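Take a look at the structure below.
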């Protein structure tokens, strides 16, 4: 009997089997030389029964013929194995017979050899799922047996791969939780020089890691290390797998213990593998564990490399933990590892990201002093950091140093500079650098074209913007959504909505939400709400859903037309579609209601904003404070201000200017002055001084207003048209006409352009003085500037005086 542990005469087995095979030609496939039949029936009749069963299953008519067979009920458990062997070419039939025999013949206890035989043939056909099911039944029925010996005897008969069979067993023992049996089998395999599959090994090690069985893990690792001295691929992977397993389950100390133990056994892991572990820890943001691991490597090995340090250093910089990053830098120097270009690049990038440009520049100088040659990539990133910070001049300084050092700028470098120049409106230099790109034979990038097109559109030079667009297409670039949106935005800003729509539909690009929002916003700004709504409705045709920006644009436009209830309907429609309003959406609503003196509705919207987890900025509170002051609700305004000071956000200069302006509007000038001296004196701007100057003038305190005006000039602040208009009006009201006119002359000399308010003040003052000719000259000057006076009182005064003036002229000519 195959796999039998009983001892019978081997010679009897061989002679009987040879004798039987002579008389059964169809049974040639049953070449199981070690099988012994234990039956009282003549051997030929037992063999005929086995052959009959095999044939019946092959012809798939076993249910009809076998159950009526006279000897079928006498089939013994040890005769199941040769039948399985005969069906080995068709494993599905072998499984069917195995299950059929249990079901119909009462074989509730197949012997061990039958289970082993079935698993052998299933593994040979790579039917692993079926083999697992048989394995589970086998281990349930035979709880304690020598699986190595049981399966070893079938290797030759089934021509099985020993590694596949025993790896399968190790894997499945681990699966059912019998780890000790799996480990025992592994060591038996090792003794017989049978290699275990990487999958089964990792499965076993994973189970041991879960159980924190450091002792067994070390023994397995030692065995693998001894076996793989010539091929070192498996051992480093095993080390990394074990360490990663401990780290992932949060047992870093067990990982460190394992690391120490294998080094004590002389099995120093590869530093490359350690670096991979370091990278994994950094990617998982386990920086504390990574730092401890680096300390352990530094202490007992393997000696860390510059890659080890730079990996952790980069992770610290990403988390803006610059102090820790520089501590690593110092450690490198102490243990004698020379930082390379990558290390300095990481430190510089980290400092720049944190806004510490000067410190980053100092690191660059240190790198240069140490002979590190910075490449174009590093220098370009430095330039980019300065440009993004708004320090374009410093960016150009680095660019010049790049040129002086003989480092040729790349298209990326030029693109960064052009983008920076276009952002500040310096298009001439941007175009000059664009010329440098072409002159050097480089191909401008999409960033270069996009930056220039954006700059041209913002400056109103749409013709050149579209020329660049055509040039971009000619060069083979496919304009993206950003380019189209920039050009469409440029057209809408000039009110050229017809051209914008035509360009929008002309492109083959399937436009995204940005382009639609740009067009809708353009229509709204021109008060073409029907067209805006049509475009909004058309988005659904292209299966494009409006986003919160779309709704915010429509809400703002609706509020500006005074339709506040419709704005709220749009707001709730956005909520209904699952969109989350952002800070801008809420701010637009609050501002709209506050301007219509519905401040308490604005306050209710703020409460909704907070409830929905949107953190308001100081601008929202400034709107509410101003709204309460405008409606004369001083206590409510101060209550909101008190909440801001207590809980944030930090009040800004607009907040204090709003408070001061509110006090002045309620004729509480002393309180406004107190706020100025307590909170604002050192950070006051033109608006701050103008508020107080206007407040003093309205209360007839023009001397105090002039004193504040002089302090403002001493601070180097340039008065604006409102500042001058307030002072001029104050002096006119005090009948100090000469001073008022001198201030007007000073305003003109300082190239402060008059507006409707300043003209109204001047005309009103001249009329009251009786200087009608001068008043008329100023009036016609305002008309020429298209600043039509819309202040009713001033217009009435001018009308009366102008009539009196004409009548006096007629009377005078009659007398002559």
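For all residues, glycine too, the Cβ spot is worked out from N, Cα and C.
Feature annotations, reproduced from TrEMBL:
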REPEAT    162-196  repeat 'PPR'
REPEAT    305-339  repeat 'PPR'
REPEAT    340-374  repeat 'PPR'
REPEAT    375-409  repeat 'PPR'
REPEAT    410-444  repeat 'PPR'
REPEAT    445-479  repeat 'PPR'
REPEAT    512-546  repeat 'PPR'
REPEAT    617-651  repeat 'PPR'
REPEAT    652-683  repeat 'PPR'
REPEAT    685-719  repeat 'PPR'
REPEAT    720-754  repeat 'PPR'
REPEAT    755-789  repeat 'PPR'
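Counting residues 6+ beyond its ends, the repeat 'PPR' (162-196) has Cβ neighbours under 8 Å at 119-120, 123, 128, 131-132, 135-136, 139, 147-148, 151-152, 155, 203-204, 206-208, 211, 213, 216, 220, 223, 227 in the same chain. Remote same-chain partners of the repeat 'PPR' (305-339), defined as residues 6 or more beyond its termini with a Cβ less than 8 Å from a stretch Cβ, comprise 271, 274-275, 278-279, 282, 285, 287, 290-291, 294, 297-298, 346-347, 349-351, 353-354, 356, 370, 372. If one looks beyond the repeat 'PPR' (617-651) by at least 6 residues along the same chain, the residues whose Cβ comes under 8 Å of a Cβ in the stretch are 583, 586-587, 590-591, 593-595, 597, 599, 602-603, 606, 609, 658-659, 661-662, 665-666, 668. Averaged over the repeat 'PPR' (685-719), the predicted model has a pLDDT of 89. Summarised by DSSP class, the composition of the repeat 'PPR' (512-546) is 27 helix, 0 strand, 8 coil.
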